[in-house]
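Below you'll find the structure, written out as C-alpha cells, and then a few comments.
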Amino acid sequence: MASSAVPLARISHPWTFGRQPAALLPRSLSSSAANATQASSSRPSSSSPERLEQGPEAQSSSQDAAAFAIEPRLSLTFTCTVTTCGTRSSHQFTRRSYEKGIVIVQCPGCKNRHLIADHLGWFKESTEDGKMKTVEDLVRAKGEKVRRGVLLEDGVVEYAPE
C-alpha cells in the first residue's frame, strides 16, 4: 500500500548533529530543508548537504526498508463479536508479534479493541491464566472453526482443503 505521507522524523544519529537528514525528507523538500538547516544550525558542520544525502542515513533507511519488507506479516479477517456491531474487517501485523508478543486490533465499526495474541501474559484474565495465548486457541476452546490461508503475491487468498 503506497502512501504519500511525509515520513516521521527519526532519532538523530551523532553524525547529524541533531538535524533532520536530507535523505529522509521528500524530494520536493530535501534541497530547501537542507539549506534551511545548514543556515540555522549554530554548530559547525563537517558534512555538506550533498554528503548527507549519500551518507550513512541513506544506507540505513534503505536497510530499514529492506528489513521491513523481509519480516513476515500475517493478516487476519474477522467479524466483530460485539452485539451491536458485527463489522467485518482485516488487519495486518508481524508474525513475530503474533508468535512472541502481543497483538491488539481495533474494530473500525465500534472502536473496541480485540486481543489477538498475548505471549507476554499481560491479559491473563482474558486468556484463562495465560493457557490460551492466541485467538486461535480461544476460538477453538469455544468449539468454533479456525481456517488458515495463504496470501499469494497477486492478492489471492488460498485455503488448503481440510
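Cβ atoms are placed via backbone N, Cα and C, with glycine included.
Worth saying up front: this structure is predicted, and the values here are computed from it rather than measured.
Taken from TrEMBL, the feature compositional bias 'Low complexity' applies to 28-49.
As annotated by TrEMBL, domain 'DNL-type' applies to 71-162.
Here TrEMBL flags 28-65 as region 'Disordered'.
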Revision key, fill the gap. Using DSSP three-state counts, the residues of the domain 'DNL-type' (71-162) come to 13 helix, 32 strand, 47 coil
Review point. For the domain 'DNL-type' (71-162), what is the mean per-residue pLDDT, to the nearest integer?
Key: 87
